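Peer 1: Copied straight from Swiss-Prot:
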type    : residues                                                              : note
BINDING : HIS76, ALA117, HIS118, SER119, GLY149, ALA150, ASN177, TYR284, GLU366 : thiamine diphosphate binding site
BINDING : ASP148, ASN177                                                        : Mg(2+) binding site
Amino acid sequence: MSPYPHLERIGSPADLRATERRELAQVASELRAFLIESVSKTGGHLSSNLGTVELTIALHYVFNTPDDRIVWDVGHQTYGHKILTGRREAMSGLRHWGGISGFPRRCESEYDTFGTAHSSTSISAALGMAVAARDRGEDRRAIAVIGDGAMSAGMAFEALNNAGDMDANLLVILNDNEMSISPPVGALTKILARLMSGSTYNAARRVGEKVLGTVPPMAELARKVEEYAKGMIAPGTLFEEFGFHYYGPIDGHDLDALIPTLQNIRKLKGPQFLHVITKKGQGYKLAEADPILYHGVSKFDHTAGIQTGKSGGKLTYTQVFSDWLCDIAAADPRIVGITPAMREGSGLVEFAQRFPDRYYDVGIAEQHALTFAAGLACEGLKPVVAIYSTFLQRAYDQLIHDIALQNLPVVLAIDRGGLVGADGATHHGAFDLSFLACVPNLVVMAPADENECRQMLYTAVCHDGPTAVRYPRGGGSGVVPLEPMTALPIGKGEIRRHGTRIAVLAFGSMLGVALEVGEALDASVANMRFVKPLDEALIAELAANHALLVTVEENAVIGGAGSEVARFVDTLPQRPRVLRLGLPDRFIDHGDQAQLLASVGLDKTGILAAIEAVYPHNS
């Protein structure tokens, strides 16, 4: 007998809506159990998905999806949504090569109304959908589901500010699993939310507004009385000021609270705001006890749980950065560490513990993080911003206008440069070398191994100007970082192998495969180290002695390091052919990093084939 008899009968939200309401609790239980079993086999995001089981069921039960639009902020909490919308069997390939994505994708399902993965975009997107429906006279609802972390970002508040004046049928659901608002969650607030979302209350409210609106002092008094009364129970005043009708907070794991409240809200017009309280890891004691550990997981035994401890493997680049930052901070009190809500992922846990007064988590606010760092640099401190490549994209103006233009000594420690694997197109660091190389005053470095990463970080903090050190996700080549730390000469690369006819110019993580290609072709191999400034003397030397220069980078080939090499070679009197290899002009899907590199021709076989196509071995 199947352990999921109710779940297996649900192939779409229509099947869910045909389910007896009294059976929904069992559906939730089976969905949660299936999530634990499935994610333990594939890896993925677990805690956040366990925390949204009941909310997901209630939304698809009450609203007429996909005609009513649900936009999930960030999107890593949508596994339950995928299961209920016909993708239960596809979960076995979640985040794997050729399988379904770990985030919503419009091309994957009509129920994925908007692609997400970066935070704080849901309200803007849902508002656009709601306004389009309003202007076309369509009676549908747009719902944005956003977490309390994502709600802290400026873009979310920009959208709230705009939405309050739009009079569109938008529902914003705040999925609150961090704030300490436990006292208001109970029978009183459940009743209050149900009453406040009901037709009787809202009809009376509209009548009262019309009557009292004819007497301005009375209207203001009524508003203040209502605001005061609600303020004693719920933290909704802020959202009311934006022009929303606020309901909650209610228990996000209580279907008997969620469903009637959503049913009432669905009947209302204009912008509505529902505040639900959930718990990450709900229903799986190990994840409840440590939701951070179970936030993003690899395959594990769900009965025994994730086994922590030293793996004894190679250092990851994130660990190299973490060790360096603690070492340099111990020697220099001017060092401060900044992260936009990525303490664990960016390697700042130990720094935060050892130097709490010099550690700043600014929340999901990449723009603020960079300008905050610029302000610190103005006052003589040495800020180090630890940030993923994909999230640095969100702060490009601040990098140019607030840091580089003023030539401020801010260090950008850019993690996850290149292809990151299972998170896919939304998280690959595919564009950073392209958008960094054109910024004046900025020094851009890409280490080839762990030791070089440590030395480059030290070089960055010694440099009196803005710097970026861009390193890949995962482990290095096993090189042990050397002591003492030494500042590298700015803009100087090195020859790692001398050969004939062909020279391979490797940037960062591509050095290892470049050396393999060099051995196969008896080619010269250069470790370029710096994307900006380029080692023009080294390039000129290679150009004078080789018929073909091959640039290899784990970055978009358009506008990347290879483009800069080709631009310089074009100024030389002796101009060999330049073959630029990198990521193609398309978004790269998810899968194992090695699979992805092979798929875009950046493994040994692919590089050799590309060279053979333009410069046959017998030439």
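Even glycines carry a Cβ here, placed using N, Cα and C.
Small disclaimer: the values here were computed from a predicted structure and weren't measured.
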Peer 1: So if I draw a 10 Å sphere around the Cβ of GLY149 (thiamine diphosphate binding site), how many other Cβ atoms end up inside it?
Peer 2: 18
Peer 1: For ASN177 (thiamine diphosphate binding site), what is the tally of other C-beta atoms lying within 10 angstroms of its C-beta?
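Peer 2: The answer is 21.
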Peer 1: Which state, by DSSP, holds ASN177 (thiamine diphosphate binding site): helix, strand or coil?
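Peer 2: Assignment for ASN177 (thiamine diphosphate binding site) reads coil.
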Peer 1: Ranked by the number of other Cβ atoms within 10 Å of their own Cβ, which of the binding-site residues ASP148, GLU366 ranks first?
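Peer 2: The most densely surrounded of these binding-site residues is GLU366.
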Peer 1: What kind of secondary structure is GLU366 (thiamine diphosphate binding site) part of, going by DSSP in three states?
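Peer 2: Going by the DSSP assignment, GLU366 (thiamine diphosphate binding site) falls within a helical segment, counted as helix.
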Peer 1: What three-state class does DSSP give ASP148 (Mg(2+) binding site)?
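Peer 2: For ASP148 (Mg(2+) binding site) - judged by DSSP and reduced to three states - the answer is coil.
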Peer 1: Can you tell me the CA-to-CA distance separating ASP148 (Mg(2+) binding site) and HIS76 (thiamine diphosphate binding site), as a whole number of Å?
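Peer 2: Each residue's Cα considered, ASP148 (Mg(2+) binding site) and HIS76 (thiamine diphosphate binding site) end up 14 Å apart.
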Peer 1: Express in Å, rounded to the nearest integer, the largest CA to CA distance found among the thiamine diphosphate-binding residues HIS76, ALA117, HIS118, SER119, GLY149, ALA150, ASN177, TYR284, GLU366 named in the record.
Peer 2: 32
Peer 1: Could you say whether, by DSSP, HIS118 (thiamine diphosphate binding site) belongs to a helix, a strand or a coil region?
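Peer 2: Going by the DSSP assignment, HIS118 (thiamine diphosphate binding site) belongs to neither helix nor strand, so it counts as coil.
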Peer 1: When a 10 Å sphere is centred on the Cβ of HIS76 (thiamine diphosphate binding site), how many other Cβ atoms does it contain?
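Peer 2: Its Cβ has 23 other Cβ atoms within 10 Å.
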